[in-house]
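Heads up: the structure comes next, in structure tokens.
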């Protein structure tokens with residue numbers, strides 16, 4: 001009896017295996033961290049073999065601790081840190097260099113050169129992205145240009161490229177399936193999101209041979225099976241793949257046009273489903289593919305906030321204002337307001353809609369009466385203001401007014417933050433019972449492909465709300481507070 005779906009969530013700092021049942025509930029999970037490599041300032045790399053080892057380890061731990069047999073698994077879904085690039089030898093199956101992580105800035109110079117050559121507009125039109133070291137394309141070029149003999153091997157068809165999903169499917173299937181899904185392909189800077197093909201003009205710009213690239217498939221489909229020696233003698237269908245933020249949008253059941261979710265992790269990622277049309281952004285958002293399913297492709301607008309949960313960690317570890325992140329809510333609730341204090345947590349620059357990597361964090365409105373409580377509250381409020389910045393851009397680009405915002409991620413446990421978020425946006429904020437929406441989204445995609453769940457309507461009914469936060473703040477007050485934030489942003493940008 002096929003009782004479960006196994007979701008593999010390969011993140012930036014750890015790998016997780018999560019078993020879900022028919023109701024979309026977590027049966028068991030296992031997690032394993034792996035090493036971060038920083039060869040030079042601003043560079044971030046992972047050992048792809050170590051990632052693969054961590055995946056095998058969490059699968060084994062999860063199944064044995066849950067006392068679940070491999071033959072009880074109906075299918076495997078994979079979700080992954082996006083943009084991180086792996087290049088490996090087709091014959092030996094070994095990576096020729098470390099995986100270059102999405103956060104890594106080692107290709108910034110390549111990006112500057114491409115911008116100087118005037119490629120920005122063409123890239124934006126075809127991919128919906130900006131030329132930035134964040135995306136996979138320049139990472140692949142860097143590996144081919146800097147690893148001895150790599151370019152020659154690539155030209156001869158001996159090397160393969162993949163984002164982490166591709167690497168894991170390739171390994172699980174014993175090298176039989178070299179595939180990715182639409183959502184991951186749309187983050188590479190090499191994929192045309194309108195005609196759904198690898199784009200020759202983009203590949204020429206990056207000097208990447210087409211033979212390296214995986215086949216692009218829908219996000220919910222059987223791509224292959226596990227090879228028995230990697231999966232306890234069983235051939236289990238590998239049936240769903242999506243990048244982490246898109247998987248969270250699916251896990252939140254944001255299937256309708258205009259539905260949006262915000263994930264509060266280290267940073268924040270807000271995605272709005274724009275249906276079957278790619279909406280070009282005039283306000284600093286990315287246009288991306290949400291997923292491909294049932295012969296259709298859904299698009300999304302995406303906003304990135306670089307610092308969110310990490311600002312709370314900074315209060316805890318850097319400023320030593322409390323011992324546990326949950327205490328931030330207690331302190332923030334002790335004061336009626338920030339008393340005019342604003343914190344702009346631009347520790348690594350500002351993301352959407354400003355895209356300014358030069359600015360740094362700042363604090364405004366401090367008086368002799370400012371206390372620790374004001375400071376903590378102002379830092380928490382900054383997450384809500386940044387989210388409003390992104391939402392304003394989304395509404396302007398899409399022409400869609402948001403009805404409710406679904407939220408997930410570590411910081412959503414903070415009731416003060418969620419209530420303030422609702423007040424500042426003037427829309428209800430909904431927190432689900434199951435917060436593991438990324439892994440759940442991948443499980444749903446896999447389950448649909450193997451018939452474990454019938455359709456998206458069945459999934460929609462499984463979304464249950466833990467708490468709904470309604471806006472109660474006077475419009476005049478919230479507008480005044482937000483105007484103060486915009487002033488703080490301008491002042492921060494002026495100080496460089």
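Cβ from N, Cα, C; glycine included.
Under the DSSP three-state reduction, residue 83 (sn-glycerol 3-phosphate binding site) is assigned to coil, being neither helix nor strand. Using a 10 Å Cβ-Cβ cutoff, residue 83 (sn-glycerol 3-phosphate binding site) registers 25 neighbours. Annotation comment: Swiss-Prot describes 12, 82, 83, 134, 244 as sn-glycerol 3-phosphate binding site.
Sequence-distant neighbours of residue 12 (sn-glycerol 3-phosphate binding site) (same chain, 6+ residues apart, CB-CB distance under 8 A): 81, 84, 101, 102, 103. The ADP binding site annotation in Swiss-Prot covers 12, 16, 266, 309, 410, 414.
Cβ neighbours of residue 266 (ADP binding site) (same chain, under 8 Å, six or more residues apart in sequence): 307, 308, 309, 310. Secondary structure from DSSP puts residue 266 (ADP binding site) in coil. Per Swiss-Prot, the feature ATP binding site maps to 12, 13, 14, 266, 309, 313, 410; the stated evidence is sequence analysis.
Residues or ranges marked as glycerol binding site by Swiss-Prot on the basis of sequence analysis: 82, 83, 134, 244, 245. Sequence-distant contacts of residue 245 (glycerol binding site), defined by Cβ-Cβ distance under 8 angstroms and a gap of at least six in the same chain, are 82, 263, 269, 271, 302, 438.
As annotated by Swiss-Prot, phosphohistidine applies to 230, with the evidence given as sequence analysis.
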>> Give me the sequence-ordered set of same-chain residues, not including 82, 83, 134, 244, 245, with a C-beta within 8 angstroms of the centroid of the glycerol site's C-beta atoms.
In response: 81, 84, 102, 187, 243, 269
> Out of 13, 313, 414, which of these binding-site residues is nearest residue 244 (sn-glycerol 3-phosphate binding site) by C-alpha distance?
Replying inline: 13
>> I need the nearest neighbour of residue 410 (ADP binding site) among the binding-site residues 13, 14, 83, 134, 313, using C-alpha distances.
In response: 313
> The record names 12, 16, 266, 309, 410, 414 as the residues that bind ADP; what is their largest Cα to Cα distance in Å?
Replying inline: 24
> Among 309, 410, all listed as binding-site residues, which has the most CB atoms within 10 Å of its CB?
Replying inline: 309
>> Between residue 134 (sn-glycerol 3-phosphate binding site) and residue 13 (ATP binding site), how many Å separate their Cα atoms?
In response: 17
>> Return the count of C-beta atoms lying within 10 angstroms of the C-beta of residue 313 (ATP binding site), excluding that atom itself.
In response: 14
